[in-house]
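As recorded in TrEMBL:
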type	residues	note
ACT_SITE	Thr233	active site, nucleophile
BINDING	Thr194, Lys222, Thr233, Glu322, Asn451, Ser456	substrate binding site
Amino acid sequence: MSFLALPRRVFSGMNNTFSLARAYSTKAPPTSSSLPASKQKLIPTSGSYPRGFLVSGISSAVKKSGAKDLALITSPEYPCSAAAVFTKNVFQAAPVVASRTRLQDNGGKGIHGMVTNSGCANAVTGAQGLENAKEMLEALDDLTGHQRSSLVMSTGVIGQHLKMDKILKGIQDSKQALGGDHKHWMDCAEAYMTTDTFPKLRSKTFQLPDSGVEYRMAGITKGAGMIHPNMATLLGTIVTDLGVAPGLLQYALTHAVDRSFNAISVDGDMSTNDTVALLANGGASGGKIVVEDVTSKDFEAFRENLTEFAQELSQLVVRDGEGATKFVKVSVEGAPSFEAAKTVASTIATSSLVKTALYGQDANWGRILCAVGYSGVSEIDPKKVSVSFIPQDQSEPLKLLVNGEPEQVDEARASEILRMEDLEIRVELNLGEEKTAYWTCDLSHEYISINADYRS
C-alpha cells in the first residue's frame, strides 16, 4: 500500500506515464488501469459508513473534462456538531472565510451539510468570491431544508471565479444522486480530486469503553501538491455517527490534526484553501450527544480513534505526492517537548536537499543532520544525537550516527534501503521523553513537470 519505488533509470522511463495519468484541475482523472498496483491497493472496494449521512458526487461541468467536480455530504435528519481547522495562509479563500463564519455564528452546532467543488478554488476572488461562497451555502440550505446549516469548501485553480450557474444547478441536481452506500461515497471522493491520481476515502468502526455500541467514521481527503502545514492538506472531511458535544469536537480535531494533517509535507507550499472539517451527527444513538465530558474515558478513546484515522487519511496525500516515488516517515524521539520533536521532524521532512537525496537514493545523512542543526531547537546537543535508516521490511536498521559519532556506513546496504518504497528516518535526540512522527515524500523531476503544466 505505497508508491512504486523503482531504480531511477526505470522510474524516469515511466515519467511520461505518470504525466499523462496525473489529473490536473481541468483534466480527466486517471483510469484505474493507468495506476500502478501500489496505488490501486489504496482505493477501497467497500466500507462501513456512518448512519444518517447521505452523500453524492457529480459533474457540474466546471471541469472541461466532464469529471466529477461537485460533492455533497449531508445529514438531513440529525443536526451535526461541527469543528474545523483552517489554513493559516494570509490569503484565505472565500469558502474558508464563509465556513469559519458559519461555525462561529452557529457555535459549532446545527450543521446539516457540506458542499465541495473542485476545479476552481474561489481564492483571491474578492467580494464577488465571498458572495459566490455564500450562494453555495444557501443552495445547500435549501436542499437540506435547514437554513444557516451548511459549510463550503473549494479547491482548484486560484484567482478564477466560480461558474455559479453550473454550480447552483449542480447542487440542485445532486439531490437525486444522494445515497449512503459505498458507490455514493466513492463518487463523493472522486468529486474532491484535482491533481490527485486516486480518490482518497477511508472508513472504520470503533467502540467506546463505556458502551457496546458500534460507531462508524468515514473520511475523504484530497491533495497531492501545495501540501504543507498549517494546514497540510488541501481539503478533508471526516464524519461520524457518534454524538459529541461541539466544544469537545473542536478540541479532539485540533489534537488529531496536529498529529496528522499538520504533520505531512509534499512540497512546502501552504494552500489558500486548506480545511479539515469534522461532523458528528449522533446517528448511532438517534441524534443524541453521547460524549460530553472531556475527562471521560469515552472522550479519550474517541480522540485517539480520530487521531489514528486522521493519520491514515493524511498519509494518503503524501503517498500521492506529485511526482513522488517514496513514502518517508521521519521519527524524532527523546525530545524535551512535543513541540521540539515536531519542529525537528518538520525541518528534516521539508528539506529540499534531504528530499532530493532520497529521490537519488543517496545515503547523504549529513543533510539530515544539517537540518536537525538549523531546526532552531536550542536544547540540541550534537554529542547526543543519533540517526538511523529504518527499513519497513522489518530487516536490520542501518545506524548512521550514534551519540554524535559517525558509523562506518555500509553503502550497499544504504542503497538497498533507499530503493524501498517505504522507509523511516529515525532521529534520537536523547534530551527527554517526547516523540512524534512526520510524513513526507521525495522530490523528483516529475514534480517540476506537473507544476510547470498545471493550468495547460
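Backbone N, Cα and C atoms are what each Cβ position is placed from, and that goes for glycine too.
Keep in mind that TrEMBL annotations are predicted by a computer and have not been checked by a curator.
Neighbour density for Thr194 (substrate binding site): within 10 A of its CB lie 29 other CB atoms from the protein chains shown.
If you draw a 10 Å sphere around the CB of Glu322 (substrate binding site), it holds 26 other CB atoms from the protein chains shown. In the shown protein chains, 27 other C-beta atoms lie within 10 A of the C-beta of Lys222 (substrate binding site).
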